[in-house]
Amino acid sequence: MKQYLDLMRHVREHGTFKEDRTGTGTYSVFGYQMRFDLADGFPIVTTKKCHLRSIIHELLWFLQGDTNIKYLKDNGVSIWDEWADENGDLGPVYGYQWRSWPAPNGESIDQIAKLIEMIRKNPDSRRLIVSAWNPALVEQMALPPCHALFQFYVADGKLSCQLYQRSADIFLGVPFNIASYALLTLMVAQVCDLQPGEFIWTGGDCHLYANHIEQADLQLTRQPLPLPTMKLNPEVKDLLAFRFEDFELVGYEAHPHIKAPVAV
């Protein structure tokens with residue numbers, strides 16, 4: 001994951017200090033891109049241990065259209081706890097927009113179902129897009145989408161994905177986001193009978209929080225280790241049928257976890 005360390009180093013060298021919504025302050029750059037060839041291994045950060053269970057369960061939760069943290073809590077995942085209300089609700093966040101985008105006629109649009117249908121029927125389409133950024137509902141969301149829009153692309157029998165992340169918490173959030181969308185790409189490729197291609201991460205406001213600088217500098221002293229392989233249950237042919245047990249990360253070796261506070 002040299003690409004990730006290069007991003008972190010770039011922000012340390014060129015970032016501008018900015019005040020932010022949380023009151024913590026950030027060092028920020030605008031516009032950055034990383035590319036990961038999924039044939040080279042599964043792009044999960046190795047210079048600190050990442051919590052794969054949280055990554056997988058969160059993605060499955062998104063795909064089910066769920067916006068209440070009960071499923072996450074039941075599976076030992078706490079990454080959304082700070083934003084949920086007393087009933088565990090988050091408002092119309094990712095899962096709602098992905099699966100139930102409100103249409104003007106009062107019905108809803110299942111963007112994920114439409115995406116899979118389009119990849120299968122018209123893989124050369126330039127409209128293979130899912131958006132979580134709904135301006136009409138942003139104010140009702142506990143946290144507006146950071147990873148706002150993703151697009152798929154099919155060429156030579158390979159499926160690639162590009163994510164646009166408007167707000168990128170480099171130390172805590174971005175490692176999760178890279179792994180999550182790389183995993184989604186593997187899943188969609190399998191159910192559409194395609195091979196995985198590239199995952200491309202594009203960031204807007206790419207920032208290190210002021211209280212993550214010491215941790216980032218520690219991480220930059222570490223050498224990346226070889227990437228592991230993600231194995232999916234080959235029997236699963238329906239994207240929404242994947243379960244936690246259908247994933248196996250083989251050969252993941254990482255440096256020790258580095259603790260850092262979440263800016264809420």
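Heads up, residue numbers simply count up from 1 along the chain you see.
In case you wondered, yes, glycine gets a Cβ from its N, Cα and C as well.
In the three-state DSSP classification, CYS146 (active site, nucleophile) falls within coil. Residues within less than 8 Å, Cβ to Cβ, of CYS146 (active site, nucleophile) and separated from it by at least 6 positions along the same chain comprise GLN165, ARG166, SER167, ALA168, ASP169, GLY173, ASN177. Swiss-Prot lists CYS146 with the feature active site, nucleophile, giving sequence analysis as the kind of evidence.
Residues or ranges marked as dUMP binding site by Swiss-Prot on the basis of sequence analysis: ARG21, ARG126, ARG127, ARG166, SER167, ALA168, ASP169, ASN177, HIS207, LEU208, TYR209.
The annotation (6R)-5,10-methylene-5,6,7,8-tetrahydrofolate binding site is assigned in Swiss-Prot to HIS51, ASP169, ALA263 on the grounds of sequence analysis. Sequence-distant contacts (6 or more apart, same chain, Cβ under 8 Å) of HIS51 ((6R)-5,10-methylene-5,6,7,8-tetrahydrofolate binding site) do not exist in this structure.
Under the DSSP three-state reduction, HIS207 (dUMP binding site) is assigned to strand.
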